[in-house]
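Just below is one structure, and these are the notes that go with it.
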Amino acid sequence: MESRFTHVHETPPPGAAADWTISQNWDAFTADEHAMWDRLFARQSAMLPGRAADAFMRGIDVLKLEKPGIPDYRELNARLMAATGWQVVAVPGLVPDDVFFDHLANRRFPAGNFIRTPDQLDYLQEPDVFHDVFGHVPMLADPVFADYMVAYGEGGLRSLKFDALKQLARLYWYTVEFGLIREAGGLRIYGAGIVSSYAESVFALDSESPNRLGFDLARVMRTDYRIDDFQQNYFVIDSLEQLLDITVNTDFAPLYAANAALPPIPIADILPDDKVITRGTQEYAAAKA
Ligand code: PHE
Ligand code: FE
């Protein structure tokens, strides 16, 4: 999975609006493209009950994502708007950071307007509509997570004057993309990068290889991550309320400065203060090295 926060600022491509949005042009998707969505949807939705967070499973339901084919945003947005005031907007691909933050701050989630091909079933460089809509949008139907994403966008806009993008990107990575949550039934997935990946949905919960650590804001913002393979670390929140509360009620400006004076934390390190949920063997990463 490609990191979102690595892009140089460019102007929108021809045909895109100043905010980089394009029309979904839903009628232009081919039968093969809809069939690819259905294939990915069937594989994930069979596996995720008991693995994905309650809020994610509720989102699938509330948004009626089980309807076959790539979702038509005219229908999806009516349901999403009713749930939390969010909208999905189509973009050609990754957008610049300031544009991305501005969309989030205004309750718009930008989704790549293309779908992977059969040879990219399990790996692709840029987020496609399956990752963006199946992975991210169900959580946006949850009021608490929806507010977290708005706050994140606002915080992102504010961070641009602090040279703090890397720290904020790590927070996004370890929550929105690769977050785990502790529920009554055990650990569950809420991160879009996991729920949209068949293999990582198994690995993140079942493998003995990765570390699973209790979420700590300042620590997460210093922790490096990998974009080329399964994560070596997952951070576990106790509830979506905890995540929203800590991020909204922390002034990030002093945190950015304090963290900038400290070295980044290497990917698989465990620190004395970590709340260790599972200490990983790291055998998966070692075998690949
Ligand atoms: N409270 C953060 C700030 O002071 C903003 C933020 C909220 C960042 C939520 C991430 C998530 O900038
Ligand atoms: Fe994503």
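Just so you know, glycine gets a Cβ as well, placed from its N, Cα and C.
Predicted automatically and left uncurated, TrEMBL annotations should be read as such.
Going by what TrEMBL states, the Fe cation site holds HIS131, HIS136, and the candidate of GLU177, GLU183 recorded there is GLU177. All protein chains included, GLU177 (Fe cation binding site) registers 25 other Cβ atoms within 10 Å of its own Cβ. Sequence-distant neighbours of HIS136 (Fe cation binding site) (same chain, six or more apart, CB under 8 Å from its CB) are PHE109, ALA111, VAL176, ALA192, listed in sequence order.
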